[in-house]
């Protein structure tokens with residue numbers, strides 16, 4: 001069972017009584033056939049639920065009102081099978097607070113050249129019915145997505161499925177609670193921000209709990225629970241000699257297990273699905289949570305270090321969006337560069353906390369080594385390299401008057417040499433279009449040093465995320481040129497200034 005099983009998407013057909021009962025009967029019949037086929041053949045993450053025809057303002061308003069009140073409804077897919085005068089939709093759309101997708105399709109794929117008549121034309125009017133619906137959306141400044149294609153087309157299926165992921169993610173975000181264990185890393189700017197504005201814009205709440213509250217739960221974990229989790233470690237990872245039974249770091253592994261169990265219990269009891277820690281606020285914990293954080297991220301929790309609640313929330317959001325897709329999603333940081341003409345590379349990592357969902361190894365190494373900051377005992381961590389191939393890194397920043405999402409498309413590559421003295425998980429990539437352009441654009445746009453790294457999601461997913469939340473997006477990819485990028489930032493400043 002996944003998070004998508006908790007939601008459904010309503011399929012709404014727009015028409016009108018002008019065409020008579022027989023036409024509406026055929027419209028309903030077609031809709032039932034299309035919904036059944038999409039549910040069985042399209043591999044959609046959510047179930048489509050067909051709703052009664054929307055043929056009058058009252059019917060349409062009732063559908064939209066019911067969608068708002070139904071917690072299982074993640075959004076609406078609307079198909080204008082016939083012409084549906086858009087003034088009928090104004091009241092409904094004005095109150096709708098769920099994501100909206102217009103599926104611009106028709107029942108038949110090919111025209112029946114020899115038999116087409118006006119009855120056929122009146123029944124199959126998506127071509128201009130969809131334009132009428134599009135006008136009222138534009139007139140009302142209604143955020144909605146559009147997918148064009150025949151309902152049997154696999155590309156249309158993929159695009160509808162991607163939109164469903166966004167719709168479910170938006171509903172989950174409205175309920176998301178972010179727990180900060182301690183505050184931000186002192187004097188750091190980009191990890192701070194306006195939590196009230198974030199809750200108004202996205203819906204997630206951010207609050208702080210003293211590390212001592214967590215420590216109480218950690219200290220209450222039983223030895224039996226620790227032993228059971230250690231057994232799981234033994235079967236899931238390759239333990240170094242120091243971390244095995246009788247190894248000189250075995251107790252550190254046990255303490256890491258205690259912290260993991262305590263953190264998970266605390267998060268579950270509080271209904272949290274994202275959290276932060278900071279190495280400057282560990283009072284009462286024996287080590288910086290490393291292994292615990294890595295494993296919790298793999299279970300779907302959002303996380304970021306140094307109190308970075310925006311990145312923690314973004315990671316949770318992207319984890320939900322990518323549920324069931326191939327490839328992983330992780331907290332990440334641009335750590336250091338490899339400058340070589342024609343082969344500039346970025347080595348991404350963090351002190352400890354990289355999610356094993358992006359690991360290339362089936363069984364990562366579990367090790368305990370010294371950590372030079374934090375002033376605590378040596379922490380346990382998983383060490384691995386990252387899968388290769390196309391990926392993205394994304395950052396959500398607070399500009400005071402708005403949020404900006406930055407996305408850099410990257411190509412993850414195999415590490416050309418072993419890293420015998422680097423005791424942390426890492427990812428190596430080429431930034432698009434090249435490192436100088438990508439880094440300069442990122443810096444000019446104010447991108448954070450913390451990011452969410454994903455093999456599972458792509459630029460289209462993040463564009464749709466920005467659209468569905470009505471936030472600015474700045475894209476850095478192979479098409480990026482710095483003069484045009486700077487111009488886009490200036491234009492955005494004016495555009496969003498007028499939107500205030």
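Glycine is no exception: its Cβ is also placed from the backbone N, Cα and C atoms.
In Swiss-Prot, the Mn(2+) site is described by 306, 350, 450, and among 333, 362, 467 the residue recorded at this site is 333.
In the three-state DSSP scheme, residue 450 (Mn(2+) binding site) is classed as strand. In the structure shown, the C-beta of 450 has more C-beta neighbours within 10 angstroms than that of any other entry among the binding-site residues 350, 450. Same-chain residues with CB within 8 A of the center of the 306, 333, 350, 450 CB atoms, the Mn(2+) site residues themselves not counted, are 304, 305, 308, 311, 331, 332, 351, 353, 449. Taken residue by residue with DSSP, residue 333 (Mn(2+) binding site) is part of a strand.
Take the CB of residue 333 (Mn(2+) binding site) and look out to 10 A: across all protein chains shown you find 23 other CB atoms.
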